[in-house]
Amino acid sequence: AALLPRPARGLTDRLYCGRRVCYEVLGVSRQASKVEIARAYRQLARQYHPDRYREEPAGGEGSGAQAAHEKFLLIAAAYETLKDEETRKDYDYMLDHPEEYYRHYYHYYSRRLAPKVDVTIVILVTVCAISVFQFFSWWSSYNEAINYLASVPKYRIQATEIARQQGLLNKTKEKGKNRRSKEEIREEEEEIIKDIIKNKIDIKGGYQKPKIYDILLFQILLAPFYWCKYIVWYCWWIYCFTIKGQEYGVEEKLYIIRRYMKMSQSQFDSLEDHQKETFLERQLWIRENYEVYKQEQEEELKKKMAMDPRWKRYRRWMKNEGPGRLTFIDD
């Protein structure tokens with residue numbers, strides 16, 4: 001029944017000016033310009049505005065403050081409908097084609113419920129906020145890594161020795177007018193040690209030094225460049241190694257190994273050099289060799305888990321107290 005054609009109604013209470021024609025409410029013709037519509041609206045608004053309205057003698061048409069208020073709302077609705085070109089076009093179409101009720105209903109509420117703020121601005125602000133949060137979060141992780149390395153005796157002793165050789169620690173112990181407190185000297189020495197650690201140690205992985213090109217905003221801006229670069233590289237790969245049949249270089253072999261291991265570039269870079277040399281020695285870029293290596297790693301992991309006391313306790317718990325058995329033990 002809902003899908004059956006409804007009776008044609010050009011004017012309805014819930015759309016635009018209700019059962020009144022908006023042009024008649026403002027007292028203008030359908031050919032009126034925006035200037036004429038605005039002028040008519042200002043004149044009627046001054047006349048029926050609740051703050052300016054003066055009650056007419058009893059019996060007059062539209063008398064009473066309540067009637068004036070309703071009249072003012074109707075005038076405002078008429079002006080809101082006719083001042084915008086797109087809305088006015090939809091309204092004129094409704095007057096000319098009153099039988100298309102559902103189309104008028106859809107256009108009216110789609111415009112009323114549309115967001116007032118441009119979606120592009122919202123997306124841009126969101127991306128910028130995420131990018132700023134990313135950058136400062138990475139800086140926080142990087143500083144945590146530096147503070148941790150500065151507390152490790154191995155790295156701290158090496159950094160202190162380098163600082164002494166460069167004469168940086170001697171400058172902190174000045175005498176005379178430039179003499180400072182022990183707390184200030186200790187803080188400066190700590191900063192010197194951290195700076196040496198930053199310069200001498202290459203931190204990789206999730207705690208590496210953040211780069212501004214890695215944040216979301218720059219990744220989105222540079223996405224077309226990365227896509228073009230990847231397409232060119234892929235075509236070069238097909239031409240060199242598929243069509244011409246050239247042998248893989250070291251970089252190409254490591255790339256194939258990384259793809260087999262399903263690791264990201266940063267994860268693969270965080271591996272030790274001797275591990276990568278082992279991959280190359282075992283020729284893991286060959287699929288069969290990698291499958292053998294993967295099977296060996298899985299077997300070794302099973303042995304370690306079998307000998308791990310924590311894993312033994314977990315298996316014992318699963319056997320005695322785990323799922324599948326009713327128990328009233330709280331812990």
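Every residue gets a Cβ built from N, Cα and C, even glycine.
The model shown is predicted, which means the values in this text are computed figures rather than measured ones.
Now, the feature entries from TrEMBL:
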DOMAIN    21-95  domain 'J'
TRANSMEM  119-139  transmembrane segment
TRANSMEM  216-239  transmembrane segment
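Under 8 Å from some Cβ of the transmembrane segment (216-239) lie the Cβ atoms of residues 127-128, 130-131, 134, all in the same chain and six or more residues away from its ends. Residue counts of the domain 'J' (21-95) by helix, strand and coil are 49 helix, 0 strand, 26 coil (DSSP-based).
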